[in-house]
Amino acid sequence: MSLRVHLPGLELKNPVMPASGCFSFGKEYAQFYDLDTLGAVIMKAATKEPRLGNKTPRVAETSSGMLNAIGLQNPGVDKIINGEMPFLNGYALPKIANIAGSSPEEYTETAKKMSPHVQALELNISCPNVKEGGIQFGTDPHLASNVVRQVKKVSEVPVYVKLSPNVTDIREMAVACEQAGADGLSMINTITGMQILKERRRPLLHNQTGGLSGPAIKPVAIRMIYEVYPYVSIPIIGMGGIGSAEDVLEFLLAGASAVAVGTANFHNPFVMPEIIADLPGVLRNYGFSSVEEAIGGAHY
Amino acid sequence: MQTYDMKVVNHREISECTYEITLQTDVFFPAEPGQFVHILVDPPHQLRRPLSLASSSGGEITVVYKTFGEGTRTLTNKKRGDTVNVLGPLGNGFTLPEQEKVMLVGGGVGVPPLLWLAKELHKDGKKVSAVLGFKSVNQVFYRREMEEYAEVTVVTDDGSSGEKGLVTKWLDPEADVYYACGPNPMLKALEAQLAIPGYNSMEERMGCAIGACFACTVETTDDGYVNVCKDGPVFPKGRVKLP
């Protein structure tokens, strides 16, 4: 049973990686298992300058999911390269850097610095939790094309674009990114939501809105990947509520070539190694002899 | 670090909407006073619940929680013999004091970690006083338990049990160090009022509880933002800009 997947810049021994923002830079989860068990790692978002993020409360639980409004807290690209990456470099697995910004220049500056240290970039044009965190680039195809084109010019490695689900037609965004030179897509980022604290008659999160993640958004992610798959020829890394090997297969069938696991890590810190261990059996049960065979299987 | 499937050996309501649950595993659970555990609640709940340890010995732990929302209400359904998955022990516990006269100040569900601390301090021969604040008589718990190790003053907002008012009105003037756990306004008032050194054990909504998700951030006076889960939950007085 082969779990291998070949993607631009990434030779994955299996298709499972942590979603950006849920895994920091790996140190914490390395206390639970060998990170080289994973197919790759997607690091927490990096910005040109350090960011403090939003005030707390930053998380709230919802029905079968959670809202978060961290707000891209990170020590800035330089400190990430010098302070956080040496630990990850002790592992052989492919590294993907998620980069965010408020202007094309900020994206290109960060990309230029980061790309020599990783195997791929994930362009975060979809963080819903900061006014200037890229969401404006993620909801306007023209702005998206422009930032993708500029980052492609400076990046030494393939560029994946993380799409926002907070749009009317995600195909339009996907196609615009592909035409601008994107090497792959990550879908989906969180869905904007809100929870009201009844006792206080106020939104619970200090940021008021947050990004919804977890099993609650899985059908939305599946639908969007299924919609985009026939319209693009670049690979899709799928994410949104994945918590089991059965979920992984569903994403593969919808059209994802690899997957990222986010919220489920908080529920069960061992979830990714467990999914990887379960995946061969699940693929076999549904009549597949490799991961690659299952990709896009729901379309044929 | 690992997770433990623990058996419920005791689960009871100890005051209004406040539950004490005792869990057991076959192996040694290496916890210290002031540390917490991250407890898995049955589906559809996605997030664990961070709860301070009221005691831990061998493989048996006790935590106390209040039913604030659906997750904690779901937890009340756990019966003796059921299994609960526990991640921990987590965070940094209390640093034991050099000083001899120690005051513990607890507000509501902030009391449990102080009970374990009181036991340790008592063992060390310290003179321990405890000021325990609750909303009203229905909410009071762990008074008798605490009296085994400390000189206890119970304070209620409405005076229905013990003294009336806020804990800050009934502090021990003799103490030369304090340990506090409770709502942030209480911790803030204590910092402002007391000249002696002290420690705050903080509470915050958490995601991962291991320092990876940055949900439980607080601002420090000397080192930018830190995480309550990994850098706390116990911080020396003055270290954190209390929200």
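Yeah, the Cβs are placed from backbone N, Cα and C, and that goes for glycine too.
For reference, TrEMBL has these:
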| type | residues | note |
| --- | --- | --- |
| DOMAIN | A:3-282 | domain 'Dihydroorotate dehydrogenase catalytic' |
| BINDING | A:SER20, A:LYS44, A:ALA45, A:ASN98, A:ASN124, A:LYS162, A:ILE188, A:GLY214, A:GLY240, A:GLY241, A:GLY262, A:THR263 | FMN binding site |
| BINDING | A:LYS44, A:ASN68, A:ALA69, A:ILE70, A:GLY71, A:LEU72, A:ASN124, A:ASN189, A:THR190 | substrate binding site |
| ACT_SITE | A:CYS127 | active site, nucleophile |
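Sequence features, as recorded in TrEMBL, placed on the structure.
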residue	record	Cβ within 10 Å
A:SER20	FMN binding site	27
A:LYS44	substrate binding site	25
A:ALA45	FMN binding site	26
A:ALA69	substrate binding site	30
A:ASN124	FMN binding site	28
A:CYS127	active site, nucleophile	28
A:ILE188	FMN binding site	28
A:THR190	substrate binding site	29
A:GLY240	FMN binding site	33
A:GLY262	FMN binding site	26
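With respect to A:SER20 (FMN binding site), the closest of these recorded positions in Cα terms is A:LYS44, chosen from A:LYS44, A:ALA69, A:GLY71, A:CYS127, A:THR190. Of all residue pairs in A:SER20, A:LYS44, A:ALA45, A:ASN98, A:ASN124, A:LYS162, A:ILE188, A:GLY214, A:GLY240, A:GLY241, A:GLY262, A:THR263, the annotated binders of FMN, the farthest apart have Cα atoms separated by 20 Å. Per-residue pLDDT, averaged over the domain 'Dihydroorotate dehydrogenase catalytic' (A:3-282), rounds to 95.
A:GLY71 (substrate binding site) and A:ALA45 (FMN binding site) are 10 Å apart (CA-CA, integer value). Under DSSP, the residue listed as 'active site, nucleophile' is assigned to a strand (E or B) in the three-state scheme. Its Cβ placed at the centre, A:GLY71 (substrate binding site) has 22 other Cβ atoms within 10 Å. Spanning the listed substrate site, residues A:LYS44, A:ASN68, A:ALA69, A:ILE70, A:GLY71, A:LEU72, A:ASN124, A:ASN189, A:THR190 have a farthest Cα to Cα distance of 16 Å. The two recorded residues, A:ALA69 (substrate binding site) and A:GLY240 (FMN binding site), show a Cα separation of 16 Å. A straight line from the CA of A:GLY240 (FMN binding site) to the CA of A:THR190 (substrate binding site) spans 8 Å.
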